[in-house]
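S.K.: Mind having a look at this structure? Questions to follow.
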């Protein structure tokens, strides 16, 4: 408890418990196998070209409204919305039948993904400023441990105990329901970053410049904010005001907030270095989303699960753990990423493209598994370096804004790629051709890496 002194252990513990149980989903690595199996009896074309694309569209459509609503509603309602969305998702996964029902399922799953920002931003409104970094590591670790535990349990239950995939989905729904119940006990924050902040610290007027050192974003004001800078999701540090009783909340002016956001957007992307790193971030994340979404489909085509044992859960667990280790290591390397980051970016981007190419062309399931693990490890490592570089010389507000915009651009690119290449209303290409075209965003990312 000594390490959490000043961090309000109750909300911290509740949020970590929520993140853990929300991530324990043993059925997720076997989703494609479940949908193509006899219980749901969907075709490959329906799953890959008509159902999975809906997630991309809903995620993109909901991201910006959720970004604003999370701050306006002060986090807890959106955390509850995420839990409810995932409950609906898994309930439909268990009992729904037919194409339209599963397209609706993907919409709710996209909502659950878009609202993930509330989980990572809630905690900063209820902890002391000097504990931001530590508490963030707790929250992130809870989700990683939960996802790993779920993947390992799913693999063991399928391979050793012979459990059905329906039973794994029951476990997933139960775990998510526990998380949803836990979220109700979270206290309601009194402030937020954009809409509910102290009058003595006007948004976007007082800039607190941040710098990146040894894997952490630190400010030029000693003892103020410490937040990690490696997550590929948007993490927004919020509790900037401390606990002064003299500070009063400003009257909410939504139009002014939007104008300030637009002004900051123009100022941030007027920097060539910021623009280049952001373009690489968006292109590589677009490719990452596409690989993650359709990797199970590729494995199913390489080695149909009906005829042999598959190890999707073990592969997901291994890639998550090794990726987390890579992030930890790069965060503690004492080097100048401003000098060597560009070289690492270009070289490792080439390795990412090579891993995707091998996974798509060598039709051996073990080669596909190994390439996928390498792909995820390198991506998590590179996104860490890119985050360090982007966050340099950004204020707290602009840190949240830039990563939100970059995520939106990545999703917009993925939506365009999905609409043209994957969707049945477009070209509706098969899974192997889809994976081949993923080299386009990865190849563009390599080019940007050399250009930087």
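Going from the start of the chain as shown, residues are counted 1 onward.
Cβ atoms here come from the backbone N, Cα and C positions, even for glycine.
Okay, so TrEMBL annotates it like this:
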- 50-70: transmembrane segment (TRANSMEM)
- 77-95: transmembrane segment (TRANSMEM)
- 107-127: transmembrane segment (TRANSMEM)
- 139-158: transmembrane segment (TRANSMEM)
- 164-186: transmembrane segment (TRANSMEM)
- 273-290: transmembrane segment (TRANSMEM)
- 310-330: transmembrane segment (TRANSMEM)
- 337-358: transmembrane segment (TRANSMEM)
- 364-388: transmembrane segment (TRANSMEM)
- 400-422: transmembrane segment (TRANSMEM)
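Have a look at these and tell me how they're positioned relative to everything else.
M.R.: If one looks beyond the transmembrane segment (50-70) by at least 6 residues along the same chain, the residues whose Cβ comes under 8 Å of a Cβ in the stretch are 35, 42, 78, 99, 102-103, 105-107, 109-111, 113-115, 117-118, 121, 194, 234, 289, 293-294, 297, 404, 407-408, 411-412, 414-415, 418-419, 422-424.
Sequence-distant neighbours of the transmembrane segment (139-158) (same chain, 6+ residues past either end, Cβ-Cβ under 8 Å): 15-17, 19-30, 119-120, 123, 165, 167-168, 171-172, 175, 228, 231, 311-314, 316-317, 320-321, 324.
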S.K.: For the transmembrane segment (164-186) and the transmembrane segment (310-330), decide whether they are in contact, meaning at least 3 CB pairs lie under 8 A, counting pairs 6 or more apart in sequence.
M.R.: no
S.K.: Same chain only, please: residues at least 6 beyond the ends of the transmembrane segment (310-330) with a C-beta under 8 Å from a C-beta of the stretch. Say none if there are none.
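M.R.: Contacts with the transmembrane segment (310-330): 26, 28-30, 33, 144, 147-148, 151-156, 158-159, 215, 230, 296, 299, 303, 365, 369, 372-373, 376-381, 384-385.
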